[in-house]
Amino acid sequence: MLSKSWQADRGNLGTDFLATDHFAVATLNSEEESDPPTYKDAFPPLPEKAACLESAQEPAGAWSNKIRPIKASVITQVFHVPLEERKYKDMNQFGEGEQAKICLEIMQRTGAHLELSLAKDQGLSIMVSGKLDAVMKARKDIVARLQTQASATVTIPKEHHRFVIGKNGEKLQDLELKTATKIQIPRPDDPSNQIKITGTKEGIEKARHEVLLISAEQDKRAVERLEVEKAFHPFIAGPYNRLVGEIMQETGTRINIPPPSVNRTEIVFTGEKEQLAQAVARIKKIYEEKKKKTTTIAVEVKKSQHKYVIGPKGNSLQEILERTGVSVEIPPSDSISETVILRGEPEKLGQALTEVYAKANSFTVSSVSAPSWLHRFIIGKKGQNLAKITQQMPKVHIEFTEGEDKITLEGPTEDVSVAQEQIEGMVKDLINRMDYVEINIDHKFHRHLIGKSGANINRIKDQYKVSVRIPPDSEKSNLIRIEGDPQGVQQAKRELLELASRMENERTKDLIIEQRFHRTIIGQKGERIREIRDKFPEVENSYSISVPIFKQFHKNIIGKGGANIKKIREESNTKIDLPAENSNSETIVITGKRANCEAARSRILSIQKDLANIAEVEVSIPAKLHNSLIGTKGRLIRSIMEECGGVHIHFPVEGSGSDTVVIRGPSSDVEKAKKQLLHLAEEKQTKSFTVDIRAKPEYHKFLIGKGGGKIRKVRDSTGARIIFPAAEDKDQDLITIIGKEDAVREAQKELEALIQNLDNVVEDYMLVDPKHHRHFVIRRGQVLREIAEEYGGVMVSFPRSGTQSDKVTLKGAKDCVEAAKKRIQEIIEDLEAQVTVECAIPQKFHRSVMGPKGSRIQQITRDYNVQIKFPDREENPVHSVEPSIQENGEEAGEGRETKETDPGSPRRCDIIIISGRKEKCEAAKEALEALVPVTIEVEVPFDLHRYIIGQKGSGIRKMMDEFEVNIHVPAPELQSDIIAITGLAANLDRAKTGLLDRVKELQAEQEDRALRSFKLSVTVDPKYHPKIIGRKGAVITQIRLEHEVNIQFPDKDDGNQDQITITGYEKNTEAARDAILKIVGELEQMVSEDVPLDHRVHARIIGARGKAIRKIMDEFKVDIRFPQSGAPDPNCVTVTGLPENVEEAIDHILNLEEEYLADVVDSEALQVYMKPPAHEESKAPSKGFVVRDAPWTSNTSEKAPDMSSSEEFPSFGAQVAPKTLPWGPKR
């Protein structure tokens, strides 16, 4: 701030100087040079010291006060977010994505400045600068949005809550800002005395400590504070806080020890006086004892190893304290100190030191060389490749540094070496089969290459199996990078360059036409605009239609390798955009000319119709009713579509005049939708009536009832349609009733009565045996949440764990409470009627029985309402048989009971336990046994195995997903032809047929590959090779494409320079050979002639960018070469071609020479008469600024200042040695 104001003053000063300067110059110009101004006129002297003293007698002004030092209003805070607490740690690139957006939002909202940096341990360092309140707000936001949030509860008496809140909530706000947490205090009408704190672990500790301090101060019981050195707090707390917990339990005193992150030494005790005194005495005793007995040693441990000594959540420190009784003090993470202090009894320090060094050295750091562009492929999609390594070795931390060609590994020594070996293998494999290329395309075309929602670029990525890196708009870079399979990279490059060249030739122009003329231009029913479009068909049409297609058929529309969609696009000349795989959208968007779009739409719908039992019905409904049937924002039609199994209902375009409505979907659902639509249309025609009523969103589920039972009952009894809001609707309270007036009134009456009952809140209780309580509260109270959702948000409170109360309180609407009680009673009956059934299935089949992500088991548990528990995996299922050991001269086990293992009985690791009602358990057992897979063998030639597996296993994975089986291909070293298929019996036949069909395809491809590998050599003089290749490879590319062959020219160091190799089908290679020989024949007939052409006209004949000479060459079918600069004969031009063409071309060039030469001679003649540029005479040197009576002109010893001296005129900021001058001391 100071610097800014100084610059402003300096600016004003400069302006004053300029004004003086201009004034002086004006004076000089107006007066005679012989009479310059005096020194005192030009430079008036400053007031004398006496004048200052006189003025001092005047009343003190605003400036007379002592200037106070200005305090900086901008503060800076730095804090660290560890890797495990980072919310956005799985980012492709640091500084991008959601994390960057959040930081920008926080900066805009708070006015604070944020700087993020990534530490070596992948933790996040955040520097926040700004005004104090802005920094505090920004810090709170960062913690809430960039750090993973934990939560904890603290229990203090209800009457103390208001002291935590403070006057107008100021204390609570201050506490939240200071600790960067969210503190939730129950409402006054809520009996709960638990305060919930949400935030980071460190913030929660601080907030909890502060809340307990406030409570302790207000507590009517005795409060005592004991000063204990921070270093001795771990001994008082004990390992894992056990010791302080025991003291609290025994004395009934609350003891508040500040957490390590809070720099306080006092321990606060709250409780009854006698018991409090006991607790204080015990802690004092521990403190005094530890003070006498303990000693310290300081050791140096590398800063990078501190986290290994601390361990996850400080567990390693607690472990050392428990085993040795020694406390280990680690310097804070923001300190540069590497000194670790061990405090404990002398005899235990040695053991503790050994443990500290063992933990510090249990980890090692290593690196693997890998080009930075390969890092993404090593990580894999969503980290899949890396996850395989980290799952095997979870303690290994793998770090990729952007822009560096290395990968750093950190973790246990043995694990690191294994992980390093695996990553090196991946790198070697990727380098062998991956390639990359960089292309330059003007950045203004990048968004067109990407396409709408990334459609174009995603298609190229999927089609050619490549990764395309397009720089963000902010970089203004033209460089696009393509990475992946070498062949795919080249194909993607070709397509992107073609798209770019096409866009370069396209032009877009905006016309500004007043809106009132738009309707006239469009014409009646769009006739005029259609006429303009038809007249200029080459102008791109932007007609667009959306086609809803069931999500499961999208992959069939795309086809293998995008074949189907590509064919439809090419044949219909349209742009077709499909939604992303992870999107819920079913809509495919087609853009192009209207007729082409309709044709593409028909093709896509026919594919869907062929694939499934999809019926399409046309219903005639008057066009005037369409808008009312669709409803506000499509609510009404959406409710019909959802009710009828998600059918698609397509209304004609507004204004088309068509009455036809198309319903598409499974046959049964289509009929149901048709019936409802016609009924609704009939109601609308007679007299439709609509009423809106409001109910809290949590009541909706209860009003609808299980499976829609309640609402269906109201619909059936009244005949009115009731529409509840969709998830995306803004007004979530609004329920709409549509139908005939009397039906709507009746339905309204019934619903309002139900809602009124729900608003009538009651509190009730029921008795539940404490042994069943756990079932309701486990998994964070999932069962209770489900009950609350289903029964209008009823609150169910179970007694706190540890108390033996069986009283359960229910609070909510009367009907909801009754229904919830009934449901809880049903659950209890189920729990009491539970039995356990064992189901023996060999362990090797367990994964298959579970299904992908446990889906099959989840389905069985839902269908039969049972619990299924799988046994732990047995690592070495084959037991070694050891000889019987003799003890005391007797056989082992002699004289005592021996428990013989029945070889036929199932092993423990094979037994799956099913819990639930007996009949349900039996049914679930049968369902599980039906999921046990069967294995069949299929003979497939060994040489085809790698093609069946596919690239990175994609082929076999696709078959396994399609047929829901497991396919086992034998290891290559076995050279076996047998492939094993394991799966459900129902799927095996389909899988076998599919596999054999794939074998036939591969064999056909092999045969075709052999035919396509025919090679033919042609002998052609090397001097003709450039002509055969053509300009930018145009000629040879044409031959290659026309005959579908590959043509290889000899390399520079090849011995046979005249051999051209053609590869492809035999007849195609022969046709390509004939085409090449034809070109050679034409070239052999050609002649070359040298023409003397005046070098002064060469540029005119060539033309701008060679346009004129290219035109001549194309017209006469010849090649014309001009001499290079520095050639011995600058006038010699060579013309090559067929004799008659060469003669005609030479005549034409000579005529041009004659014409242009006349112009050259004329211009040279004119140059003679043109006046050469006049050189201005050098003016006399300026005398500069002259003054009279200057100090240096008087008789004093003063002399004029030296303008060239850095001492007389120093530059800003330069150090100059002090020098006494007549001008007085330097300031």
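Glycine is treated like the rest: Cβ placed from N, Cα and C.
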Coiled coil per TrEMBL - which of 121-148, 597-624, 737-764, 765-792: 737-764
Intrachain residues whose Cβ lies under 8 Å of the coiled coil (737-764), provided they are six or more past its termini: 636, 680, 683, 686-693, 695-696, 699, 702-703, 714-715, 717-723, 792, 809-817, 821
Secondary structure content, the domain 'K Homology' (613-682) (per DSSP, counts of residues): 36 helix, 17 strand, 17 coil
PLDDT averaged over the residues of the domain 'K Homology' (293-361): 85
Helix, strand and coil totals (DSSP H, G, I; E, B; other) for the domain 'K Homology' (148-216): 37 helix, 15 strand, 17 coil
Structural state census, the domain 'K Homology' (433-501) (DSSP three-state): 41 helix, 16 strand, 12 coil
Counts by DSSP class (helix H/G/I, strand E/B, coil) across the domain 'K Homology' (1012-1081): 38 helix, 15 strand, 17 coil
